[in-house]
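Chemist: Pasting the relevant annotations from TrEMBL:
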TRANSMEM  B:14-34  transmembrane segment
TRANSMEM  B:41-61  transmembrane segment
DOMAIN    B:98-313  domain 'ABC transmembrane type-1'
TRANSMEM  B:102-123  transmembrane segment
TRANSMEM  B:135-154  transmembrane segment
TRANSMEM  B:192-213  transmembrane segment
TRANSMEM  B:234-257  transmembrane segment
TRANSMEM  B:293-314  transmembrane segment
């Protein structure tokens, strides 16, 4: 790759990021001055302490349900049965038995399903993103007959609710003898993710200046080289956003997993098992509370550590459209 | 090679996963390698083919097949005309389901958006903005299955003579009221399920609306304030009109998600006690009752109901882009 392209890349990093600089959440350098100005403004505003107070209060109310169950998952079983979690503050008993029993006990066995969730999710994120990148590249940078019609068709497929597709797909999988294996779950999740992934990544690719691609072509770079050397580095934020989205989507999904892997404890992910336990365990809250948190913990970590990308993806997906 | 289809031990499962990823990478590398040698637009075929085949196989064909099935009997053997649709629209049991779905689709987008907007305005420029926003947004990361269990615990019922273990009933007891079976009595139980979805979606509404509120230039709000507009007047005359496109996107997006709601009903009540909705009934009809025709009909109804929301959404997006 020639020096010009490298320079051009450095140059274009700015404009691509500029997409987000309209949006204050991602304004990095300018945010400081803006925030300071606002802090000064806010001090002058009478409503500010009240607003802060109400905001915090509402945030606490929003968190109480989750916190209550979280606390419960660490309380001994007899305590949970007889008293509410708020009595914990006067009677603080803590145990890890609930987690141990939920993960390894014979009635729940969530450790198996925990692994299943990972095995289901990872390929279901990698495969659609890769395929969508290829397709989005073709739509964005290769002129071919029927390009617009095909792109609109892919866009329109976002409308199809997955319920419409489940039964015929399942019948087909059964006919192929693949039903109840990881393969069908991966394939289904990949298919359902494709329309949105292609659409979003295409929009991001279109933001990259055509001159950059042209320059690389003049230098004799083929599609593969252009894609990996020029586009991929610029697309990383978009890929990260969609990747987190898809990860949370697949990990938290119930319908697809229930339909294609529901009956098989070697494939079914946590959501399927926990939803099932919600019906069968009934009042055994020491197991249900721990089970719920085992299924929640991974997306929570992903979300909290990568919140910035997640919010960016959200805004790109629904506002920028 | 049995383990490729029936992996049982942890090692086998992880191995299958890597085999799948490597296999996929191999196919992709092959496509890239071949297309590199081809002239002009021909590589586009290779780049698009996997996605197009998958979409045709996994969305287009099953969609058409389901529409076809909706005009056939429970086993899919013979045509029954529009009988399935007549059943779904006239049978009282199904009418409850349709009404429940309507309640969901009206209440969730409106209330989530109102809460999200209020919160975005309230929290804007306050000291704990970031923390408060994260806490409100957190339910978005939790699965609907997890959220349903969290709320089922809040709604727990114990007779008035015993200690309450559910927080909602404890509040009632503290207020001197009798404890309630929140999830048992229609039609209010649907309302209490709707609360769960509002709890989840408010964070989404808040995030998007907050971003667009911050995008309103300070000069405009300041000018209004100099002209003597109070907080309320500024809110209704400046803020709301300025973020109208974002409001519409939020409402329609939540409406689409709510229309297909399944996980909450399935986990919290299983659709019992007259809480079922279309997407849940679709699942029960197919996998519990084995009625393929009715299941297909419900799926198609879902499809038909989604279309106007999408069209409205896309049109609004076009309009707001035209304005820019």
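Heads up, residue numbers simply count up from 1 along the chain you see.
Including glycine, each Cβ sits where the backbone N, Cα and C put it.
Annotations in TrEMBL come from automatic prediction, not curation.
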Chemist: Output the single range from B:102-123, B:135-154, B:234-257, B:293-314 maximising the number of Cβ pairs under 8 Å to the transmembrane segment (B:192-213).
Modeler: B:102-123
Chemist: Using a Cβ cut-off under 8 Å, which residues of the same chain at least 6 positions beyond either end of the transmembrane segment (B:41-61) come close to it?
Modeler: 27, 31, 34-35
Chemist: Can you tell me which parts of the same chain pack against the transmembrane segment (B:14-34), counting only residues 6+ beyond its ends and a CB-CB cutoff under 8 A?
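Modeler: Counting only partners 6 or more residues beyond its ends, the transmembrane segment (B:14-34) has Cβ contacts under 8 Å with 3-4, 7, 46-47, 49-50.
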